[in-house]
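For reference, the structure is listed below as structure tokens.
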Amino acid sequence: MSGSLNSRWVVQVSLTIINIIGFLVFLRGFFPSKVVLPGFNSFQDSTKSPFSDQYGNPQFNKFILMVVDAMRSDFCFSDRSNFSFLHQLINQGRALPFTAFSNPPTVTLPRLKGITTGGTPNFLDAILNVADDQDDSQGLHNQDSWVHQFRHSNNKTINFFGDDTWLKLFQDQFTEFEGTNSFFVSDFTEVDNNVTRHLDDQLSSNKWDGLILHYLGLDHIGHKGGPESPYMKPKQIEMDKILQRLYTYVTKNDDTLIVLMGDHGMNEIGNHGGSSPGETSAALSFISPKFNHKGESPLPYNSDYSYHHKISQIDLVPTLAALLNFPIPKNSLGVIAKEILEIWPENQRIKILLENCAQIMNLYEAKYGPSGKVWSQWENLQAKQHPIADYYEFLQDIQSEMASSATNYGYKDIYAGALILVITALAVIVVFNRYFLTASNMNISSVMFYELFVVLYSLHFHGSSLIEEEHQIWYFFTTATLLFLAITFFDTFKSLQNFISFGVLFACIRFMRSWNNSGQKYSSQYNIAYYLSHSNPNLMWGLIILTYFVLTLCIYIQGSLVPTFAFSFGKRLPDVKDPGGLISFIVVFVATSVSFSFKLLQYYIDGNTIPKWLNRFLLWIIESHHIDLSSATLEDNELKFQLQSVSIQLSKFTTIILLLLVISRVIIGKIRKIRYGTITDITNIMTIYLIHQTRHENIPIFLALMFAKFALSKLIYRKTNRIDQYILTVTMTVLCLQNLTFFCMGNTNSLATVDLSNAYNGVKAYNVFLVGLLTFVSNFAGPIFWSLSGLQLLYEPSLLNFNGPATTDLLHYTGLKKSILLVKSLISLFFYTVSAVNLVGSCINLRFHLFIWTVFSPKLLFFGSWILFVNVLIDLILAVIVLLF
């Protein structure tokens, strides 16, 4: 390890920072702010509206928009739906039902922009969707929308209650309003009650012309328990009863239109953000006693979620404009719903469609100019009257063409960012090869294998299906890497112990591979996690208890926690009567017990049935906090709030006690000069917290991870005499296991699989930084586990074998600590820089690809999380902090 260590660190850290800067510059160009036409629209004929009747009156003077977040089409229209009053209205012809296609990304902010402006979403909005409450960068105050048009066309008032995203978008547009935060997903009840409590006052007054209600509870239930949650049925019934209240008001005020809709749907696990049929199929109904279009409801359930007529969700915008008589917003790509057109007399329908055509052609002209085949078609439509079907065909063709080409890339930033990434990658390749091929005493075959592995992996970014099914690639590369190391480094076939250890490692990997559905193309219930959570919760909780038990033993036996706190000196495992050893055991036992209690209570609050043999323990947890269950049910809101409060306390206590345990271990270890075991103790204590932040059905996978780590430590034990070879082997293996575990825990490269169910553990109110951190930990628990385990395998492999500290452990080479971490970081940096170049290159090459927003763009965001949070924050910064102690 030649050369100045400090100068090498400066070079490597600089390359890491430059790589991140290049990636961020590229993202700024790839996700630019959307360019829209300025100003606000007016009717083509300024003297008369084409939407008003012969007396100049609109079809409706007032409206009530009821948005139920994540209301998938089947929740309203299928035979599994609990919207019985809505079904009655459809059968009577008073409701016109639609399945509305929601353009990805299917998260609230871009969808609200789409359904108010009629424009296609900007993928950047998926990131801004989690922006802080004080961030007003998403606002639409300078962009045309039906909210602006309705309010200003006839000096009308709109009141709003619900998701505060509306207040960020439309500042100063609402006369009366109250916002509720959309990200506190643990709350199913109060978040909706805060909307409904305004209804009596609003429906008894005439102080509004428009009333917008945005309910979040159904979405929160989906995030916590999925579409099959036991809370889903009562929530649908609650929403149906609210609709009934609104319709009762409308029967007495028949100039008021009700619009019931979902902003997007949800997938089979209750999340959204991607492009699956469940996520993009939202319910939409126009409701009024004026309608007389009899339908049939409910319809048989179908897995495509296609019910009644299918339209694009942005078609709501011109449809509302026509019904409420105001100009269609300037940037709308929506098409007036054909079924709604029947409310006007036949001689007026073509005028209405021509208004829609003229508005959308203004957009077309601004982009392409007044020429070409499309322009000729438009002139032909204006010249003479055509069948209504011709106008709709023309509008839908233009909508499709304009929506697919709505992106305005910032090419200067794209190419600048790509150039920075290429230069950085070339520099890292030179540094990597210069060190491993010249300055290091390495087996060249291992270096060449790693470089080939990185290049082959990074090439997969050029295929959309390979990105969607990346878990298959990592299963292959992990298997191939271990087989290569079995021959070149592990000495697998030279002893029975090594052969058994290798077999255990492979068995654990195969076990992990079967744990969850991974990937985006194929979904199946034939996996371990689904079996445990749906068919055998008794076994699941037995495995959860076993996981906590094994981890508690590892903390107590594996590292040096006990000797650190022991009153007697010099013994690795002091006498059982030693007060210090007893205290350390009690603290660890309390931490794991409280964490387990939290997970059990969380499972119960989410509406799941607790195994009978755990009922007494659950009852003890609840009654110890002075809550009486004898006369209450989980549907009781007051009880639910009390249980939620207990859950928050348990989670906070777990976090605090684990943090104090780590701090005490480090400080007392420093005072007593106990050098060995610090990394192992921190890793094991942190693993409790990772389990604490993991979904219930995924907790037992940590048993497989711990056994895999133990087997791997057996294979590399006492092989540290070839230090560089050892570092490359451990880093390469950990890199494979990090990524494989990420996918095996149910994650994919889709925003729809981002798990929010543990993002609010111990959190009483929404805090963007705290929730963001918890979201990262809960979704990247597997990679974080292997990051910390990698340090164990590098510096303290003997402790992993329960053998006590050995002189061969690299921890004892204090002068090499920084050098070892430097080499490890160089190996990781080589992987991330080469991968970044290929990913960025594929996005540039395929920027007009059909799946650019549904596959490649989410991958960019996930890759950004890997390089910034996993590689830099965990693998580098956290590693430096751990090694300092």
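Just so you know, glycine gets a Cβ as well, placed from its N, Cα and C.
Look at Asn82 (N-linked glycosylation site): DSSP puts it in coil. Per Swiss-Prot, the feature N-linked glycosylation site maps to Asn82 (among others).
Secondary structure from DSSP puts Asn155 (N-linked glycosylation site) in coil. Over all protein chains present, the Cβ of Asn155 (N-linked glycosylation site) has 7 other Cβ atoms lying within 10 Å. Annotated N-linked glycosylation site per Swiss-Prot: Asn155 (among others), in sequence order.
Around the Cβ of Asn194 (N-linked glycosylation site), the same chain contributes Phe161, Glu178, Thr180, each under 8 angstroms and 6 or more positions distant in sequence. Positions annotated as N-linked glycosylation site by Swiss-Prot: Asn194 (among others).
In this structure, Asn443 (N-linked glycosylation site) belongs to neither helix nor strand by DSSP; it is coil. Long-range C-beta contacts of Asn443 (N-linked glycosylation site), restricted to its own chain and to partners at least six residues apart, with a cutoff below 8 Å, comprise Thr488, Arg722, Gln725. Summarising the annotation, Swiss-Prot assigns N-linked glycosylation site to Asn443 (among others).
Sequence-distant neighbours of Asn516 (N-linked glycosylation site): residues of the same chain at least 6 apart with a C-beta under 8 Å from its C-beta are Asn527, Ile528, Ala529, Asn698, Cys744, Met745, Gly746. For Asn516 (among others), the entry in Swiss-Prot reads N-linked glycosylation site.
Sequence-distant contacts of the transmembrane segment (413-433) (same chain, six or more residues past either end, CB-CB distance under 8 Å): 11-12, 15, 18-19, 21-30, 32, 447, 826-827, 829-830, 833-834, 836-837, 840-841, 844. Taken from Swiss-Prot, the feature transmembrane segment covers 413-433 (among others).
Listed as Cβ neighbours of the transmembrane segment (447-467) (distance under 8 Å, sequence separation of 6 or more from its ends, same chain) are residues 433, 436-437, 473, 477, 480-481, 484, 521, 728, 732, 749, 827, 830-831, 834-835, 837-839, 841-842, 845-846, 849, 851, 855-856, 859. Under the heading transmembrane segment, Swiss-Prot lists 447-467 (among others).
Beyond its flanks by at least six residues, the transmembrane segment (473-493) meets 443, 445-446, 449, 453, 456-457, 460, 466, 499, 502, 505-506, 509, 513, 715-716, 719, 725, 729, 732-733, 736-737, 739-740, 743 of its own chain at Cβ-Cβ distances under 8 Å. Marked as transmembrane segment by Swiss-Prot: 473-493 (among others).
Positions annotated as transmembrane segment by Swiss-Prot: 495-514 (among others). Residues 475, 478-479, 482, 486, 527-528, 701, 704-705, 707-708, 710-712, 714-715, 740-741, 744 of the same chain lie 6 or more positions beyond the ends of the transmembrane segment (495-514) yet place their CB under 8 Å from a CB of it.
The transmembrane segment feature in Swiss-Prot is assigned to 539-559 (among others); the stated evidence is sequence analysis. Among residues of the same chain six or more beyond the transmembrane segment (539-559), those with a C-beta under 8 A of the stretch's C-beta atoms are 532-533, 573, 584-585, 588-589, 592, 595-596, 599-600, 611, 614, 677-678, 680-681, 684-685, 687-688, 691, 696-697, 699-700, 702-703, 706, 799-800, 802.
Per Swiss-Prot, the feature transmembrane segment maps to 581-601 (among others); the stated evidence is sequence analysis.
Residues or ranges marked as transmembrane segment by Swiss-Prot on the basis of sequence analysis: 648-668 (among others).
According to Swiss-Prot, the feature transmembrane segment maps to 697-717 (among others). Remote same-chain partners of the transmembrane segment (697-717), defined as residues 6 or more beyond its termini with a Cβ less than 8 Å from a stretch Cβ, comprise 485, 489-490, 492, 497-498, 501-502, 504-505, 508-509, 511-512, 515-516, 529-530, 532-533, 540, 543-544, 546-547, 550-551, 554, 599, 687, 690-691, 726, 729-730, 733, 737, 741, 744-746, 781-782, 785-786, 789, 792-793, 797-798, 800-801.
Here the transmembrane segment (726-746) has Cβ contacts under 8 Å with residues 269, 436, 442, 446-447, 450, 453, 470-471, 474-475, 477-478, 481-482, 485, 489, 509, 512-513, 515-519, 529, 694-695, 698, 701, 705, 708, 712, 716, 719-720, 753, 755, 780-783, 785-787, 789-790, 793-794, 810, 820, 823-824, 827-828, 831, 870 of the same chain, all six or more residues outside its ends. What Swiss-Prot records for 726-746 (among others) is transmembrane segment, and it gives sequence analysis as the kind of evidence.
Taken from Swiss-Prot, the feature transmembrane segment applies to 768-788 (among others).
Summarising the annotation, Swiss-Prot assigns transmembrane segment to 820-840 (among others).
The stretch from 648-668, 820-840, 865-885 with the most CB pairs below 8 A to the transmembrane segment (768-788) is 865-885. Counting Cβ atoms from all protein chains shown, Asn82 (N-linked glycosylation site) has 19 others lying within 10 Å of its own Cβ. Cβ atoms under 8 Å from those of the transmembrane segment (648-668) belong to residues 561, 564-565, 587-588, 590-591, 594-595, 597-598, 601, 625, 678, 681-682, 685-686, 688-689, 692, 761-764, 885 of the same chain, restricted to positions at least 6 beyond its ends.
Within its own chain, the transmembrane segment (820-840) has Cβ neighbours under 8 Å at 1, 5, 8-9, 12, 15-16, 19, 22-23, 26, 417-418, 421-422, 424-425, 428-429, 431-432, 435, 450-451, 454-455, 457-459, 461-462, 723-724, 727-728, 730-732, 735, 790, 794-795, 810, 813, 859-860, 863, 866-867, 871, 875-876, 879-880, 883, counting only residues six or more beyond its boundaries. DSSP assigns Asn516 (N-linked glycosylation site) to coil in the three-state reduction, outside any helix or strand. Across the structure, Asn155 (N-linked glycosylation site) and Asn82 (N-linked glycosylation site) place their CA atoms 38 angstrom apart.
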